């Protein structure tokens, strides 16, 4: 019979139970009681998620999709591959060890973190050296198998594949080619798979999303011998590709000695024909037809029409699935009591998507009539959404149509603007600043909660937030920073805050998704045309500026990041939606400038993240992304300084586009890579000013001034002192004030030391 399954379920819990359990564990110093509570929470969450999958009608539950912090790190723990610098015993790895690799400890900094393909999820980057070894690791996956079987479930295991695990890592300490480690890694996977078979697991989903990339020949050539080595003695293997088109590798994948393949038909519907043609008779084909990355309800009739010919060709060898893991969507729409009722009918979260998968399976097996009520309701909703008046704003459409190329360019060249800005601000060499946010303290959270609950009135809330702005300004002045920020106390999230104030956006109550570890975000829903009804940030920036003679930056989130970190409407091109957001931000920058704010930061941390996985599609994306930023930033005068910020990014392949943004100052995350990201600037003459991060804010570890000084000196090897800024990697929202106080004082001290050295070395 046609099988219904999903590639993975969100692990945070419907009420973010995992987040809070993790934070209690860390706060309690990883005590035995705290660890027991954390382990119990994980076990309860897995049981609940499997219950949802069973009740939806799926044919199996997925185990191995759970992770305490990150599934790539967990895979490394399974195969004994954590970085050697930590000195951990792979077979005796504890939760404390695992978290030390993720978050750093007193002896070692945390593992580097970067985006999982083109999503907003972050994984921990494996570290590979000539000395790297693999072997038996933790028992966690087998614990999950035993739990599922004890509850009576048929379990399919999920693992990050060996090729993807190597591809995602970084070569260090003289290792020339990561593939050289494959002969060491494959035996560890073989042993893991053999044990899964012994444990009674029939199917193992091996995630190899790198087959959606433009792979070098050496990596393609490694696929067949790898799976020829893995298949004997293993359960049935389902190799899963997702996030883009894998059709260029279709012949290779179909020839692998595995029991099935999975393809993503949401991101790359056209690839289906390449896989169905001459599909091997000994394989199942899992079709990812329900979107694992967006929240809009599936058009079941359309999906059924797409799958019916595949069913006719393959029969029971057709499996129905989500496009990718549901890690990227909220858990359950049932926890949205305050969401607009019409909008709510357009949505499906993870729990609803599991049922959509099962409903499509039922229609294929039993006929549409067997699930007519579900299909008819979905059809009515799809038609209503297409024609809803709340989606379309004629004024916005006219403004987008009237945009010209000149609207996306500053009036003067950078050299002219830089002179005007130097004259206006008079900053010292190596100016110091921060990226924007300061700690979201319990006081801030209590005030926000009281305001939302109606306990605190609007005036009381404003007064509470203004007090937090004053505290942030006073602290920055005490540190000796040169350029200040207001601290963003009023913002619960850098995208959601703006989504609450822009028309065309909607905000959920509980639509949380995991970003990394315990960090969760609540992406807004972009359901219609975007419009700015009134200024969003001017009052906060103006108040902060009134507290100091030093410049205070206005803080905005850029159009591409707003797009990338939201659930975006799927009824018009993303480029069009980006331009609508850019127009709203352009008006905000002009309002800030009019209010006397001379520096405006428009953050685009997701610019690189949005880059298509396929090289052939990147130029078009970068063209509209750069244009959107230009429209947002280019209405201001020459002496208004535009900043931007990017994080979690590899920049080498898009430096020309970053330069084309023409921001006066760009700050980037570089600490975890030990300034490696700046290597690209040795061959590309970046024309404007740049602030490479010198303090890793993702770790609770506080650097001293000597460490920061070393990083500044490394940056000076690539960036002229006249164009170098000193700042942390990212915003400081997730840190505690005691950490921030020590780190920023050290940063300012280090900058002063290096400034003195540079000035002393300058010709008289």
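The backbone N, Cα and C atoms fix where each Cβ goes, and this holds for glycine too.
The candidate list 167, 203, 219, 565 contains one residue that Swiss-Prot assigns to the 5-methyltetrahydropteroyltri-L-glutamate site with 16, 17, 18, 19, 115, 519, 520, 609, namely 565. Residues 645, 647, 730 are given by Swiss-Prot as Zn(2+) binders; from 669, 707, 709, that same site also lists 669. Swiss-Prot lists 435, 436, 437, 488 as L-homocysteine-binding residues, and of the candidates 312, 332, 603 the one it assigns to that same site is 603.
All chains included, 25 other C-beta atoms sit within 10 angstroms of the C-beta of residue 18 (5-methyltetrahydropteroyltri-L-glutamate binding site). Residue 520 (5-methyltetrahydropteroyltri-L-glutamate binding site) carries a strand DSSP state (E or B). Proximity note: of the listed recorded positions (16, 18, 698), none has a CA within 10 Å of the CA of residue 603 (L-methionine binding site). Ranking the recorded positions 435, 437, 647, 698, 730 by Cα distance from residue 115 (5-methyltetrahydropteroyltri-L-glutamate binding site) puts 647 first. Residue 609 (5-methyltetrahydropteroyltri-L-glutamate binding site) sits 9 Å from residue 647 (Zn(2+) binding site), taking the C-alpha atoms as the reference points.
The Cβ of residue 520 (5-methyltetrahydropteroyltri-L-glutamate binding site) lies under 8 Å from the Cβ of 12, 16, 19, 512, 513, 514, each of these being in the same chain and 6 or more residues away along the sequence. Taking residue 645 (Zn(2+) binding site) as the reference point, the recorded positions whose C-alpha atoms are within 10 Å of its C-alpha, out of 18, 435, 437, 698, are 435.
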